[in-house]
Ligand SMILES: O=P(O)(O)OC[C@H]1O[C@H](OP(=O)(O)OP(=O)(O)O)[C@H](O)[C@@H]1O
Ligand SMILES: NC(=O)CC[C@H](N)C(=O)O
Ligand code: SF4
């Protein structure tokens, strides 16, 4: 197993514990929920964007039978394909030129099936008829900023008398400079922010750029791409945006370093875009018609014409590697690299690093579902079986993106060890990632007690998560992470891994080295964000927040989420 030089360990992680750094400085009126099925709809705590537009001209064969004016009916299907990105709330805004409410937004807490009542044909049909539109944007939320209630569900709609200023948008990501932007807005006595959320701040930034007040007298009204240029200059962080206005104009934009993925395509007059390619593929788009939107680029649809333009310079990319490791749908291709093939390659990297003596009773067991591709590939390379020793309840969601205090209980009830498969086995337990270790803690005892395994050797198809994320994965403090403490307290990697294994009750534990990531994703390391495994952040605000997070960890203080506390 390759060792990381002790010098690397003595870096930020040791500083974290030993050297405190400088201290740091209503329900929305547009929410429509006309279907009352009489059931208890109390909030359930459970992001991805999608966009659709039937352009003028011949009707697309992919269009629903109701015709182009009801192209929005395809939205639930698209959102289901990216449900892996968020299951807290679901929403859609549609544009229909014949309606008084040119834009109308429907959003509900819960996953796509719950929100759109997909298991109840009559109710689902009523919703689709009520919200039918030629163009639509959709959103599934995983909270990284603000609360988990319906007020924070997206799309956000901003009504205005002037059609070009009346817009709705959904966004995936996290504004790292949220606190700074918020404090700037609040520096004016006349201003008030109703929700403590980056989505609200982004809405104000979009509205401000859309108004011509900041322009010299007589200047032309800003176009959608002008708006995005202005907004882009103000933001630091991850943001994929889908926006629709009451004039029937659409914009889909990706941040200048491409942290979050966006795919788009145009086939037979049907335009579609989504956080992930799988949503387009399953609509019936030919793979050659599905493209990755470039970092700093935006697609606009104005006067029925689609155009791809650059709105911001992109001196480098920093695609989030964690999309391939955990977040994305395994059936997607992001920035021309298949998620499945990347996970398979990570498993092969695990096999190449394996030093355990294998015997006739050695088996690989994946922690389903995400680690399955890596586990199977590892087993194949090692020439040993990959067995389903842990069954996942298919009706349970993804617990990591669910967050919340009840996660441990949910994890515990999500997996069932199969004694028939595991008894007496020496298990290589393959996990895609360990973040807070909630999953591992719940599993190891049960594998021993219920599964009666002989030995458990944890193999993680990802390097140790040593630093927070400020770009859209909800792990923004050092204190919540499992690995940093062990790496700081031990002189070398082997001792750190031994201490981790002991804490978790495993016989051994190994992670992948950082270098495996770029190899598996088949991109230069410099084109990826790997900040949570290297502590090297691709943006200035990320670097600043990291210092605050270290300081917070050393002092034991700090906000629940680092960017929520950090202001100017
Ligand atoms: O160390 P932790 O804080 O527990 O986080 C990591 C775990 O969370 C995820 O599982 P999740 O249940 O979200 O997803 P999956 O069932 O889709 O693999 C991931 O696959 C790991 O199992
Ligand atoms: N996961 C996301 O992209 C979250 C979007 C936004 N930051 C929110 O919390 O709603
Ligand atoms: S810090 Fe990690 S999780 Fe966050 S964007 Fe970068 S690679 Fe992805």
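Cβ coordinates are placed from backbone N, Cα and C, and glycine is handled just like the others.
Please treat TrEMBL annotations as automatic predictions, because they have not gone through curation.
Per TrEMBL, the feature active site, nucleophile maps to 47. Cβ contacts within 10 Å of residue 47 (active site, nucleophile), excluding its own Cβ and spanning all protein chains shown: 26.
A helical conformation is recorded for residue 532 ([4Fe-4S] cluster binding site) in the three-state DSSP classification. Cβ environment of residue 532 ([4Fe-4S] cluster binding site): 322, 465, 466, 467, 468, 469, 473, 475 lie under 8 Å away, each six or more residues apart in the same chain. Annotation source TrEMBL lists [4Fe-4S] cluster binding site at 320, 469, 529, 532.
Residues annotated as domain 'Glutamine amidotransferase type-2' in TrEMBL: 47-304. Taken as a whole, the domain 'Glutamine amidotransferase type-2' (47-304) shows an average pLDDT of 96 in this prediction.
Among the features that TrEMBL reports, region 'Disordered' is placed at 19-42.
Within the same chain, residues at least six positions away from residue 320 ([4Fe-4S] cluster binding site) with a Cβ under 8 Å of its Cβ are 238, 259, 260, 327, 471, 472, 473, 528, 529.
By the rule that a residue counts when its Cβ sits under 6 Å from some atom of ligand 2, the recorded positions 47, 469, 532 yield 47. Highlighted in sequence order, 259, 321, 322, 471, 472, 473, 530, 531 have their Cβ within 8 Å of the centre of the Cβ atoms of 320, 469, 529, 532, the residues recorded for [4Fe-4S] cluster, and are not part of that set.
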